[in-house]
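All remarks here apply to the structure that follows.
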Amino acid sequence: MGKVYVFDHPLIQHKLTYIRDKNTGTKEFRELVDEVAGLMAFEITRDLPLEEVEVETPVTHAKSKVLAGKKLGLVPILRAGLGMVDGILKLIPAAKVGHVGLYRDPETLKPVEYYVKLPSDIEERELIVLDPMLATGGSASEAITSLKKRGAKNIKLMCMIAAPEGVEIVKEEHPDVDIYLAALDEKLNEKGYIVPGLGDAGDRLFGTK
Ligand code: PRP
Ligand code: URA
């Protein structure tokens, strides 16, 4: 069964408070999402494989370590997942980026896929699926299914805020996928919004409504 990690790092929790705040405007919201994504990525990438290399320092030769294997793949779920990409690329600039376009039908709350473009060799890469919100879990689960259909084998899911319902769906449908969160909230409301949540992540990031 996939594990669920909630990052309680004080910097993540502090920034998340201002992300939730309805008085935080688009510019600041974007900056905070970017920063939290970077901080979460720092924690998630703890187990990336390393290999030893020789490096010449100004003083002598040293054995030191660099990341090994295929470059990591980031897969934001459009639109709101895009807000998490740059903060991670600041730390891992060589990561490849794929995109999965999904929107949630407002009536049925079911995800509708409209775009998929992925890096090559995804079966050999570790992929991190990015979406600020894990609500019913339909979008994340569908995105992961879409990646697996195309050969992906090693997938992590990184969301800022989740509802228990969404976590359960992903655990059930994708028991091989670990989930990384900044907060696990209380519930979904009748419109499928996370409570207390942060509202509509895409609208707040892109200034739409
Ligand atoms: C939001 C959010 C997730 C999805 C979560 O996207 O960014 O992708 O809803 O809901 P779920 O867990 O119930 O599927 P939305 O469908 O609003 O699309 P957008 O990012 O294009 O605005
Ligand atoms: N999508 C959002 O952007 N926010 C929610 O609370 C649920 C789904």
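Here the Cβ of each residue, glycine as well, is placed from N, Cα and C on the backbone.
For the 5-phospho-alpha-D-ribose 1-diphosphate site, TrEMBL lists Arg104, Asp131, Pro132, Met133, Leu134, Ala135, Thr136, Gly137, Gly138, Ser139, Asp200; matching the candidates Arg46, Arg79 against that entry yields Arg79.
The Cβ of Ala201 (uracil binding site) has 25 other Cβ atoms within 10 Å, all protein chains considered. Compute the center of the Cβ atoms of Ile194, Gly199, Asp200, Ala201, which mark the site for uracil; besides them, the chain residues with Cβ within 8 Å of that center are Pro132, Met133, Tyr193, Gly197, Leu198, Gly202, Asp203, Arg204.
Residues within less than 8 Å, Cβ to Cβ, of Ile194 (uracil binding site) and separated from it by at least 6 positions along the same chain comprise Met133, Ala135, Ile161, Ala162, Ala163, Asp185, Lys187, Leu188. Ala135 (5-phospho-alpha-D-ribose 1-diphosphate binding site) has a Cβ environment of 26 other Cβ atoms inside 10 Å. Averaged over the domain 'Phosphoribosyltransferase' (6-208), the predicted model has a pLDDT of 96.
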